[in-house]
Amino acid sequence: MAKEKFDRSLPHVNVGTIGHVDHGKTTLTAALTRVCSEVFGSAVVEFDKIDSAPEEKARGITINTAHVEYNSNIRHYAHVDCPGHADYVKNMITGAAQMDGAILVCSAADGPMPQTREHILLSRQVGVPYIVVFLNKADLVDDAELLELVEMEVRDLLSTYDFPGDDTPIIIGSARMALEGKDDNEMGTTAVKKLVETLDAYIPEPVRAIDQPFLMPIEDVFSISGRGTVVTGRIERGIVRVQDPLEIVGLRDTTTTTCTGVEMFRKLLDEGRAGENCGVLLRGTKRDDVERGQVLVKPGSVKPHTKFTAEVYVLSKEEGGRHTPFFKGYRPQFYFRTTDVTGNCELPEGVEMVMPGDNIQMTVTLIKTIAMEDGLRFAIREGGRTVGAGVVAKIIE
């Protein structure tokens, strides 16, 4: 079968299902592909195929994730679904599957459960900006008051973690019904159609990397006689043009400079764009003023910091992580973008030790500044070996 041509005309949005085990995340994922194929002509993906998700490696961590795609009238959605709870934790912390919005699936028959809470907390910690709720298995609940009660509980839970619980859209339905093509009381296909319309309306179109302020992690520094200093790296976001003023942030005091040239594959360009590997020629910057690990940014867009709270996943022994727990006062290296910086870990109140395979919130104090923003990913390393993955939840100073 010929591969379908990827349609670039529709804006692309990344979503995913989250929620407690057996509340119907995978069934809803399959139902979404089915309903969208009938209404909007995208491909159907069967339940079993999603459920036996292939293993992937992200930063050396094994994660099972299923990726499906579907279209609405106005968008192309890429959707991730994970089979196990541990996969969600790893996926969200490593950012292996970035989400512009999440679909929280909660069984109307059971109400919010421990993982419902944990996935909402994780979404808050890793910066998932929007959550839409699908109250599933509503066909099993005869009592309208019970449905209202569950809805209130879910709204309260969202508000607890700083999501707008009162304004969050909640769709009531049955994923299984939709998957079987049924629609009694508009709980099947109609509910899923409504969910897609809600995704369209409630999750704003993400700002593309190229439209964000310029940032390039510096990987290498060269001196070219007669021309000056060139820094190389892959542009993470934005555009850099010749004559743009720039700042060099992190590891030392912030300095300002000007881009006097952009080179790619030994050709001179007027600009470099997000996703491109290039060299940026800097005016008046000496070879020794810059080092790997700093970032080149649009002035004022990113600040250097040393202290932050983070959500961290500690690799298990099987994943090549530590064999033993660590305790408070643990001082590993934190690998941000292109370099390691040593930092001290404070554990939450009442937590004495952290076991391999755990996920935990911690407060980190680095010995040098790093250009950082909420949502920045990092690896935790001991002498070059990755032992954990984390994400900056909140900058303190």
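Numbering starts at 1 and runs along the chain as displayed.
Placed from the backbone N, Cα and C atoms, the Cβ positions cover glycine too.
Taken from Swiss-Prot, the feature domain 'tr-type G' covers 10-207.
When Cβ-Cβ distances below 8 Å are used as the criterion, the region 'G1' (19-26) is approached by residues 47, 50-51, 66, 81, 83-85, 104-107, 110, 112-116, 119, 136-137, 175-176 of the same chain, each at least six residues removed from its ends. Look at Swiss-Prot and you will find 19-26 tagged as region 'G1', backed by similarity to another entry.
The annotation GTP binding site is assigned in Swiss-Prot to 19-26, 81-85, 136-139. According to DSSP, ALA138 (GTP binding site) is assigned to a helical segment.
THR26 (Mg(2+) binding site) carries a helical DSSP state (H, G or I). Sequence-distant contacts of THR26 (Mg(2+) binding site), defined as residues of its own chain at least six apart whose C-beta falls under 8 angstroms from its C-beta, comprise THR17, PHE47, ILE50, ASP51, ALA66, ASP81, PRO83. What Swiss-Prot records for THR26 is Mg(2+) binding site, and it gives sequence analysis as the kind of evidence.
Annotation comment: Swiss-Prot describes 60-64 as region 'G2'. Beyond the region 'G2' (60-64), the same-chain residues lying 6 or more positions past its ends with a Cβ under 8 Å from any Cβ of the stretch are 53-54, 82-84, 87, 90-91, 94, 96, 313, 315, 319-320, 386, 389.
Outside the region 'G3' (81-84) by six or more residues, the chain places 16-17, 21, 25-26, 29, 50-53, 63-66, 68, 91 with a CB less than 8 A from a CB of the stretch. What Swiss-Prot records for 81-84 is region 'G3', and it gives similarity to another entry as the kind of evidence.
Nonlocal intrachain contacts for the region 'G4' (136-139), taken as residues 6+ away from its ends with a CB within less than 8 angstroms of a stretch CB, comprise 23-24, 27-28, 105-109, 147, 172-177, 184-185, 187, 191. Look at Swiss-Prot and you will find 136-139 tagged as region 'G4', backed by similarity to another entry.
The Cβ of LYS25 (GTP binding site) has 27 other Cβ atoms within 10 Å, all protein chains considered.
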